[in-house]
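Colleague: Below you will find the structure I want to go over with you.
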Amino acid sequence: MSKQILILPGDGIGPEIMTEAVKVLELANEKYQLGFELTHDVIGGAAIDKHGVPLADETLERARAADAVLLGAVGGPKWDTIERDIRPERGLLKIRSQLGLFGNLRPAILYPQLADASSLKPEIVAGLDIMIVRELTGGIYFGAPRGTRVLDNGERQAYDTLPYSESEIRRIAKVGFDMAMVRGKKLCSVDKANVLASSQLWREIVEQVARDYPEVELSHMYVDNAAMQLVRAPKQFDVIVTDNLFGDILSDQASMLTGSIGMLPSASLDTANKGMYEPCHGSAPDIAGKGIANPLATILSVSMMLRYSFNLTDAADAIEKAVSLVLDQGIRTGDIWSEGKVKVGTQEMGDAVVAALRNL
């Protein structure tokens, strides 16, 4: 029986980078006889233009029925002035929450070929390999009440709520510990327990879960210190587990240690490892349509999909090796280009990865 993959290119550079990722996926499908069947739909701004909402009900049902979802990126200035509740990003939040995709895996890996692209000294970032495990469906992005009210003095006041339940914390903590077990058996839980009640509960529950993982060395760090340590000495980290807001910020920060957010994939998983896979970067409307976007994060998201949702390790490894071989050849999109390397566009980079994968 074929496995169903739903392709959601999205907005901005999304369709361009997705075209290249799909080429790689289709070759892997053929080369390794994976039995994937691909279907396409719209999300975000493209869905607003077509359906009037950022995520149509029929698209959500397709996503539920699929074995995995591959997403490009959503959003753009065209939709920035519409009502907040129907902006493109709301489609992304809705699909995550409706599919129960509570666990976000965001690796920050520095490819040795790109050491000179990092803003930090090579000796600080060489060999960097961090996995950030971010809680994705709770916290301040989903908390209620939220809104804007008018105070007695006529001034407007905006407010949000940052709630976390024990079960929400426990399940993401388990993902963090499980990830640590297959990596370096080291886990850093990041919170703000000196100020926030939600973080105090977070730390308490993480300590409880730690009792089931005696082999894992657990540490705690306040988020402000973690942000500083990621720049000062990033290689002290192996796996980081944190909440939705902190994970959003820290994973973007960690991405720049690697030279370009255009290199970094992500996975969002439910309790059964069914997932949605997408690049860490946004829709980059400023370069959309120019054919210069880096498709490697989306291509590497395909690799994560094969690894985490389907346990197809050989095919996942082959895609990652193909990307590494292309970098060995000095082929670069503009965001990771340096003197003496070959600058190419989106399609050429995708073609290079396809050629490398075909020859493996």
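Each Cβ is built from the backbone N, Cα and C atoms, and glycine gets one as well.
On a predicted model such as this, the values are computed, not experimentally measured, just so you know.
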Colleague: For the substrate site that Swiss-Prot describes with R96, R106, D224, which of these is also annotated: R62, R64, R134?
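Modeller: My reading of Swiss-Prot gives R134 as the candidate in that site.
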Colleague: Do me a favour and check the Cα-Cα span between P88 (NAD(+) binding site) and R134 (substrate binding site); whole Å is fine.
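Modeller: Distance between the two Cα atoms comes out at 21 Å.
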Colleague: Could you tell me the C-alpha distance between R134 (substrate binding site) and I292 (NAD(+) binding site) in angstrom, no decimals?
Modeller: 30
Colleague: Give the residue from the binding-site residues A284, A288, I292 that has the most other Cβ atoms within 10 Å of its Cβ, counting over every protein chain displayed.
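Modeller: Buried the deepest by this measure is A284.
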Colleague: I'd like the number of other C-beta atoms within 10 A of the C-beta of D80 (NAD(+) binding site), please.
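Modeller: Around D80 (NAD(+) binding site), other Cβ atoms within 10 Å: 11.
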